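What Swiss-Prot records for this protein:
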BINDING   183, 184, 185, 186, 187, 188, 189, 190  ATP binding site
REGION    1-22  region 'Disordered'
């Protein structure tokens, strides 16, 4: 339960001794307003003159709509008596003169140990049909909070091992850092984020919080069951669960999709600040957060900015992203899937996210068309952690040599397409052969895709990854066929696959 109802009731009871249930549209008091205009997801509410609610306050309906009370969030003051609000649920059935109560505070959600193993909506209501939360197991906290002071923040220098070769080698993640998974439609963002949840959250000793922002309901359901199967959520004993899920899916109004990331982040901040934990914060998808803000902005009457986005895009993104940080109390490591419209990384939505991230993992349609998954572009993906001071000299040197070989291969592709391989020098032929093996070795079978591929998932340690690629760039495996490097884990798997291919006479 969100706690909005109880706050509203207590305020209404204490307001000048009046019984607010008998108030008509022309007898407004400071707590009760009436609807004067409805524009789908935006609603205008009139209060007594000079007694309007503060910006960001939550208003709760007195009537029931679609089986529950409707909550609005104050966004603008239109006059000294009218506020323009964002609806956080569907407005079907809402009409003029319907009454709303000012709760006197912003949206609040439950935080604490009692939230573990549960699924919530944007308002903090449980939606997993496992009953209400135990009263003693949670606290209520507003979804808006101050950004931690610079003196309280901590710099991340420790590598977070994901078990995914291409990420650990070329764009490593920092523990306590922010990571963006960029990609167009259908290149594997959600599968990659689910594999990261499987690999990291399962081995992670702290708490994981997942925010489903405007994505498919089916994927949210799949993730919930995946977490149950992997033991991250324990239905029998919720206290042993390690994850909280907060969903505002595609079918929900833009107001819910705009605020659900903040609701989830509030829960993550509690575990960081009050319980001194290292928290994993997954968001799928940040673009939907931006998109919902654009929908709301148009309805609020703001003049659109570049490519039709809201003029407040940078401010909204910054207000959320700057709260995702590590402090002296604990850390929040954030992994965010970011949809790239029309595969254009210069689009304002993904471009605004870049400035806030420590690591960027770019998924490429060209690589996915080659059948290489995860379709991570090893040349476009970046990480602040890829320096000799953080990852060590050996790792850094191997990663840079891998990138050099791949870059050389990329520059030779036009010549190969026009003149063929025979026109290349012997040195270039060797580079091309190694690059093709590296390209295939960067593929990897995922645990979460086992049901589709039939191939068991592989987790590769950082040490194995560095040693395997070191041998590859030094030419130790030049004698092995290309096919042996495709969809395997460590170099030992490559050698076994090469022997198997030889026995079957396929090489």
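Keep in mind that glycine also has a Cβ here, set from the backbone N, Cα and C atoms.
The Cβ of residue 190 (ATP binding site) has 20 other Cβ atoms within 10 Å, all protein chains considered. Listed in sequence order, 368 are the same-chain residues six or more apart from residue 186 (ATP binding site) with CB atoms under 8 A from its CB. Looking only at the binding-site residues 185, 187, the densest Cβ neighbourhood within 10 Å occurs at 187. In this structure, residue 185 (ATP binding site) belongs to neither helix nor strand by DSSP; it is coil. Most Cβ neighbours within 10 Å among the binding-site residues 183, 184, 188: this distinction goes to 183.
Using a 10 Å radius centred on the Cβ of residue 189 (ATP binding site) and all shown protein chains, the other Cβ atoms total 26.
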